[in-house]
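Take a look at the structure set out below.
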């Protein structure tokens, strides 16, 4: 193939073409077609340009041609194939391109090469062929031309421009500049063919590009061949493109690596794996050594210093309360009444932010800062709509067969659009419509929004909410059907085309409007045409002042009610309004009342039956203790009410969840103490006591210390829970701690008094609940003080323990097996503990039947775009100073580590940083906007602002000044026109105008002379889709790392500025960044608290204390293993439950250890005795009571109840019982001392805690 290339900047003398070859194809302009001038056909040679203004434009836009034509001396006559008017038209066209591509000077200079050659080069006929026509005045004009270019030239120009970013949207500029193609589907030919297509709005006549690679063999046609520079290179007196727009200009930096990978063995955390293995091997060795060796077990002594102090104190106190029950009850009732009155001051919150984010947490501080300066994030009302018929289909076009997903089936789309029309009309009849509450960013200042101007993200916007346009269909000349699918193809591929803008004046993001496409790599755009569902988003204004939100709340309720009642055979809808989560929290609380009440009733019935010792149906009402059980439960609930009142006085906000769960928790704990006190009293040898109140005092003396130990441990653990920064958890812990304290105080006072009254009723032969009626049986009470002839009571459960369970458990083979099994299970639990996932599934916080649960599920399937991240830059910069501008901007001459460049660089690694696009930059767009002469306008009459598209004669271009290099506005210009930029709406001429994107992003003040000073501002950046807790907290961790690096850059440059990243979701996930550290601290502090409480209550008995501590640690480790096995995540709720586990674990251990300490005989005998007497009580009084109430929670409608209360509390009970009733007796039988340390008293030494059952 013979192709002749022409290089236009070779000096004219080097060309040997004839004069005819060097002629023009046009000169001057003939007339306008539409908004564009067309050129006169003219084949004469080039003519001199006699307009200094136009010559200056030509010199600026076409410097190479200018230098060539002016000669080396610069004095040659400038002869061109264009006149002054054509140069001005060329300038106008290039200015439009500047609005998109001006961020990269090399790109615009490269583009100008071919435009200048086409418009003015004096050798037109070498590479242009004109096709003329005659207008009505008989003047020849050029109708269209053939423009012959080499592929290499245009490819280089295209490559220099392909990386340019449109900073307002974070998209490539080529998305706006390649017609129906986006940056990924565009190429150099498609780009130039779009710029030559007369059917567009920007081309005055058709330009048919002829490509050198398509030239026929042997052709003598000449193709214009130029040498454009790469984007990283610069022309003389110009600049190379910046890093954001040109990868070649970016400095070499290390890619972010994310968090360090943990060392793992077999998928488990290596450190705990090896540690558990070592412990397992060591313990197994000692177990076998002890089992088969001849050495006897070590003798462990348990000395005490003041163990009797608590016994005597509680005995005296119990005796006093039993002797004066009326006074005690009166005083307690007054205290209860006084504290309960505080409930009237109690406040309950359902605000998710108030529930899950502490006021001093970093994300809460950042959220409050953002809300106060820029206003709170929009109120989002959103729908996900799936097609019931999930059938894919095709559509034939001139470009081939297109594949479409079920979301674009005609009847489905039509119904969705009709549904959207109905939603947009909600409330309009009552003047409470969407237009009253919606967010409308593209409005002139003072303009009142209409529904059409509301920001609604929906594919219906691609048809401008016009059903006729959607239904329009016809067959083109090639017999292809042109319908709504063609429009969808164009708009899904290039949403930045003006024909695809929504009625509100902005683009519809495909990633926000459609979903369910096949998965692609992170950072890649999916094939939107294969969507299986649609997303409709209605944005509402939000306010810090909640009183202004009433119209929003009304419309959102209309939205929810309408969609709840909407039925369709084609549409499967999930929806959520901004208010839905708060409504769901209220619904959750109200819905769980029945579950909680049933749980309480079950425990009450159990207590009422088990508390008495019923021997026959005839003596039921005498031997039952229903009234005592009711009194005990009332005391427990009174302690909860008093706790609510106590914190109400102190104005501590609480939640419905706390109000529902705390009574259950305190009831489970309090009922244990009821059993312990009653049955300890029943097991006494009453003949050794002169009066009933002395016997009761003795019972309280025996069990009081252990009750104090367990209550103190639980209260201390809840107090540790108050350290949590999460309000819902903190207030739960605070209320529970006081409730347990008050419950303890009321039980050792009021309940003791009730025991005395009930015992007097029993001894007098009166019936339970009918105390005025006496039974026909013998009266037991002995008024002469010679003792009370009441039989000792031994229950069935204790008998079973004594005759069967204890001998079996404490046999040598079983003890060895128990130790081995618990060693293996505990070590396995330790191995898997670090593998527990952090987080809280969003669905769990909602009722199962809530519409929000379905919304969360559909969000995982259909959401293709993440939430916006706002990089908030606090005051401290002088933006009018170029050196400080360079720290922020991303354009020419900006620092390579500037804020914008760093955010751009991080967005190149979305799989790590979760940043999907480069950030918008108001500063870059403002500088670009000022650089275009016709964008900034002012009114010469008023001196005020004029919009850039104003055609008024009173509106003239702003008087602007620039720095010496011409790149930046001077300080006066910069400060003067910031309000103009933020008031100006973008259009084709001034795409960088800032009102739509930045009206809320820049906070500024204006001084007396009209100069603006920027204070706070933000830079918005879209994130990748995040739906799990791990994705959200990983993103938060990364943006904090990035903001830290940017702040470090500010410090290096001695700038007192600070930046932070804000996203509306971060506030819920901050806890997971430190959850393991918080867990270790809280659990460690809880264990320390238990150690100190136990050491004190046991009279500084170090051995007993360590045994209790060791057992509680084992319970905790196995609880963590259960969490891993049962898929319970670690979060603030489960952490508090673990702290509760530590506290309640003491109950399963402390009573048995105390009983062992007081018993007589060898370690084996004492272990068997403590298991028979106290172990049976632990099973019936602690384990079964909690189990009865917990099982009911399994039927809860709340997943939080099911997972974090049913599963975890069930685990606490079962694991605690297993350790207390299986492992502990075995350990005590091996480690217990041979000597007797029991205290002698009037009571039977071995009498302890038991619950009798028949």
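Cβ atoms are placed via backbone N, Cα and C, with glycine included.
Now, the feature entries from Swiss-Prot:
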DISULFID  24-81  disulfide bond
DISULFID  62-116  disulfide bond
DISULFID  82-120  disulfide bond
DISULFID  104-241  disulfide bond
DISULFID  107-161  disulfide bond
DISULFID  178-186  disulfide bond
DISULFID  243-250  disulfide bond
DISULFID  438-454  disulfide bond
DISULFID  491-500  disulfide bond
DISULFID  889-894  disulfide bond
DISULFID  935-990  disulfide bond
DISULFID  936-958  disulfide bond
DOMAIN    592-757  domain 'SSD'
CARBOHYD  123  N-linked glycosylation site
CARBOHYD  132  N-linked glycosylation site
CARBOHYD  389  N-linked glycosylation site
CARBOHYD  479  N-linked glycosylation site
CARBOHYD  896  N-linked glycosylation site
CARBOHYD  939  N-linked glycosylation site
SIGNAL    1-16  signal peptide
TOPO_DOM  17-272  topological domain 'Extracellular'
TOPO_DOM  294-325  topological domain 'Cytoplasmic'
TOPO_DOM  347-593  topological domain 'Extracellular'
TOPO_DOM  615-625  topological domain 'Cytoplasmic'
TOPO_DOM  679-736  topological domain 'Cytoplasmic'
TOPO_DOM  758-815  topological domain 'Extracellular'
TOPO_DOM  837-857  topological domain 'Cytoplasmic'
TOPO_DOM  1101-1105  topological domain 'Cytoplasmic'
TOPO_DOM  1127-1132  topological domain 'Extracellular'
TOPO_DOM  1154-1174  topological domain 'Cytoplasmic'
TOPO_DOM  1196-1207  topological domain 'Extracellular'
TOPO_DOM  1229-1254  topological domain 'Cytoplasmic'
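Overlay of Swiss-Prot feature records on the structure.
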{"residue": "107", "record": "disulfide bond", "Cβ contacts under 8 Å, 6 or more apart": "101, 157, 160, 161, 164, 231, 241, 245"}
{"residue": "186", "record": "disulfide bond", "Cβ contacts under 8 Å, 6 or more apart": "162, 174, 178"}
{"residue": "479", "record": "N-linked glycosylation site", "Cβ contacts under 8 Å, 6 or more apart": "none"}
{"residue": "491", "record": "disulfide bond", "Cβ contacts under 8 Å, 6 or more apart": "459, 462, 497, 499, 500, 508, 510"}
{"residue": "889", "record": "disulfide bond", "Cβ contacts under 8 Å, 6 or more apart": "898, 900, 921, 923, 924, 927"}
{"residue": "894", "record": "disulfide bond", "Cβ contacts under 8 Å, 6 or more apart": "242, 885, 886, 888, 900, 901"}
{"residue": "935", "record": "disulfide bond", "Cβ contacts under 8 Å, 6 or more apart": "929, 948, 984, 989, 990, 992, 993"}
{"residue": "936", "record": "disulfide bond", "Cβ contacts under 8 Å, 6 or more apart": "929, 930, 948, 957, 958, 960, 977, 980, 981, 984"}
Candidates 104, 243, 250, 438, 939 (recorded positions); nearest Cα to residue 116 (disulfide bond) turns out to be 104
Residue 896 (N-linked glycosylation site) sits from residue 939 (N-linked glycosylation site) (Cα to Cα, rounded, in Å) at a distance of 39
If we check Cα distances from residue 132 (N-linked glycosylation site), which of the recorded positions 24, 120, 250, 389 wins as closest?
-> 24
Per DSSP, what is the residue count of the topological domain 'Extracellular' (1127-1132) in each of helix, strand and coil?
-> 1 helix, 1 strand, 4 coil
Go ahead and report the DSSP secondary structure tallies for the topological domain 'Cytoplasmic' (1154-1174): helix first, then strand, then coil.
-> 17 helix, 0 strand, 4 coil
By Cα-Cα distance, the member of disulfide-bonded residues 24, 62, 82, 454 nearest residue 250 (disulfide bond) | 62
Per the 10 Å Cα distance test against residue 123 (N-linked glycosylation site), the recorded positions 81, 104, 243, 389, 454, 896 reduce to 81
Of the disulfide-bonded residues 24, 81, 243, 454, which one sits closest to residue 896 (N-linked glycosylation site) when you measure Cα to Cα?
-> 243
Across all chains shown, how many C-beta atoms besides its own are within 10 angstroms of the C-beta of residue 178 (disulfide bond)?
-> 26
For residue 438 (disulfide bond), which residues of its chain lie six or more apart in sequence with Cβ-Cβ distance below 8 Å?
-> 449, 451, 454, 455, 456, 538, 539, 540, 541
If we check Cα distances from residue 62 (disulfide bond), which of the recorded positions 24, 104, 120, 243, 389 wins as closest?
-> 120
Hey, does DSSP put residue 491 (disulfide bond) in a helix, a strand, or just coil?
-> helix
Residue 894 (disulfide bond), DSSP three-state class -> coil
